[in-house]
Amino acid sequence: MSAEEINLDLNLDNKDVLAFVELLKKYELKNMGDLEQLYHIATNSCQSTESQKYVESYSRLRAFVEQSAPAYQAELSLVLYPILVQIYFKMISSESIEKARAFLKNNQSQLDGHHLTNLASLQHLFRPEDAAKSDYVSAMQTDKFGIRMCKDAYGLIMAHLQDPDQQLLADIAAKSLHFDVYEGMPRNKEQCLATSGSHIGEAKKQDNKKRVLFGVEKEPDLAAMLEEKNAAHMATTSAGGGNKRKSIKVSKSRKLEQDANVPPPGRIPLPALKDVDHLRQIQRLEDSGRQISLGRKQLPTALFYTIMNSNNGLTSAEISEDASMLACGLADGSVCIWSLTADKLLALKEAGELQRLHSAPEAMRACMLDESSGQKKRLLLGHKGPVYRVSFSPCQHLLVSCSEDCHIRLWSLQTWTCLVIYRGHVYPVWDVRFSPKGFYFVSCSYDKTARLWATNSHKSLRFFVGHLSDVDCVEFHPNTNYIATGSGDRTVRLWDVATAKSVRIMTGHKSSVMSLAFSNCGRFLASGSIDKNVIVWDVATGILVTTLVSHTHTVVALAFSRDNTMLATGGLGCRLALWDFKQIVLDYVSKMPNLCRDNNNIVGTKYLVNSYPSKETPFVTLRFSRQNLLLCVGYFKT
């Protein structure tokens with residue numbers, strides 16, 4: 001091949017060809033091995049030069065942030081972390097591993113402390129293929145990092161990136177950053193930290209635009225329900241023999257004013273209520289009539305159930321809604337259920353005996369149960385791994401449990417046997433919760449999904465997909481139309497059950513979210529995390545209401561009082577904290593007329609009413625009874 005053909009194929013000018021020939025003469029390169037060596041030297045030189053350009057560009061960016069006006073420094077500094085990570089990826093891709101680690105080591109000290117865990121995981125990246133092994137790295141490579149900035153700060157950073165010397169960083173920003181620009185004053189350091197920490201940065205505006213129907217249907221009128229009950233009883237008695245029954249209907253003579261935020265009836269289909277359901281509802285309303293009003297001057301009475309001799313094998317616990325039963329999941333795969341009252345746990349009579357029964361609904365259950373079968377404790381066996389969560393149905397005839405074996409089991413609390421095994425998750429199932437109205441339950445797993453199930457089908461009805469890491473906890477909204485999930489990606493999401501779409505993404509936790517609880521009014525959501533903090537959110541807007549700081553270990557248990565005045569939190573630090581939730585809401589509502597989403601944050605240490613230590617007993621679950629008695633469950637550490 002002639003020199004002219006070489007020049008044409010490589011699209012080189014004559015000067016480049018002459019320079020190449022002179023180079024061959026200078027180093028006496030005569031064979032292909034020498035040429036390959038020269039190629040590697042040149043390639044490494046180019047890569048080294050590019051890596052150095054990134055280092056210099058980042059240094060200029062950091063200097064720009066440090067030298068900017070103090071009012072804008074907090075928001076401008078938000079770009080440092082995601083750009084540093086993207087530069088690290090660029091260096092790894094070009095196989096400049098040592099330079100990448102040196103770059104990371106020299107610059108990570110200027111970043112906020114909650115980023116250090118993620119940056120430490122980058123040290124295990126040796127090749128671009130290693131990215132798939134880390135949820136965090138995958139998220140940083142595939143999703144744009146959200147940053148909220150005021151208009152002035154955004155103008156400053158864009159002007160800096162338009163400098164020709166910063167073209168490399170401008171390309172990174174265009175590809176990997178998403179800016180939400182707002183009108184108003186810039187946020188300070190504390191306000192910026194409040195909503196940062198997740199794998200995807202701050203939540204984006206479009207993620208929280210949809211309307212949420214957070215309202216809860218008002219309770220029926222108790223007096224009217226009792227009138228219906230008495231009328232049904234009189235009709236049964238006058239019929240003679242007590243064999244004829246009249247259905248109990250909820251009176252509609254007194255129309256209840258419905259909140260505009262309450263979902264329309266039938267939005268989530270539910271089976272029609274039976275007579276026994278109405279009777280149970282009446283009993284619940286009667287119990288609630290004896291409810292104690294709580295506050296700073298009237299703290300709740302707390303009752304602590306301690307599981308002894310568990311050898312640290314207690315993995316979950318749940319108290320039934322009427323506080324009559326306690327269920328515990330254990331590391332050996334078993335589920336233990338205790339009666340918390342004088343009544344024993346009875347089993348159904350034989351089928352032949354049941355066929356001969358003819359009783360009124362209020363007496364039916366008593367007639368169906370075999371008095372001779374009573375026990376104070378029942379053991380349910382079936383799971384092949386630790387049981388991570390148990391949940392009672394509102395009717396308290398059913399229990400669901402989930403396990404490391406990837407299965408969910410539905411148990412009958414009348415026959416004390418497993419009714420259904422639900423399969424679908426492909427990794428351990430961390431949490432499962434019954435709907436407040438029964439029939440539906442929701443689960444979440446290490447496979448990064450949550451699923452909706454029904455007791456009349458063995459197949460999942462909905463898939464909730466969007467988290468970038470495993471979903472650690474899940475909770476039903478009081479009106480059954482939404483579920484909340486907490487994840488290892490450090491976000492809390494709210495999902496519409498009807499559409500399986502995400503309607504809220506809330507960021508602010510600095511580590512995995514491990515517990516969730518809705519207020520009884522449905523407006524607020526509390527989340528607890530490995531970062532030791534509890535955050536209260538307004539689900540109507542997605543706004544962070546306050547961050548509650550008191551715990552010294554992971555917060556795994558949350559409960560709102562029945563009258564929405566107190567919030568109880570417990571964790572692995574063997575300490576119970578009580579918070580003045582009524583005051584939290586009053587302070588938040590008073591600021592609503594002038595509330596700017598980007599300038600609102602309260603570190604709520606002032607809301608702590610009191611905290612109580614336990615004796616070497618971490619908290620596992622909390623529940624307020626219908627009378628506002630605080631029930632706690634934990635295990636004694638051995």
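These residue numbers are counts, starting from 1, taken along the chain as shown.
Backbone N, Cα and C define each Cβ position, glycine as well.
Those TrEMBL annotations? Automatic predictions, nothing curated.
Taken verbatim from TrEMBL:
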COMPBIAS  243-253  compositional bias 'Basic residues'
DOMAIN    50-172  domain 'TFIID subunit TAF5 NTD2'
REGION    234-269  region 'Disordered'
REPEAT    307-348  repeat 'WD'
REPEAT    380-415  repeat 'WD'
REPEAT    422-463  repeat 'WD'
REPEAT    464-505  repeat 'WD'
REPEAT    506-547  repeat 'WD'
REPEAT    548-582  repeat 'WD'
## Note on the structure
Across the repeat 'WD' (548-582), DSSP yields 2 helix, 20 strand, 13 coil
### Query
What else in the chain is close to the repeat 'WD' (380-415), if you only count residues 6 or more beyond its ends and a Cβ gap under 8 Å?
276-277, 280, 315-318, 320-322, 324-325, 327-337, 345, 347-348, 368-369, 421-423, 425-438, 441, 443, 445, 453, 455
### Query
Average pLDDT across the repeat 'WD' (506-547)?
97
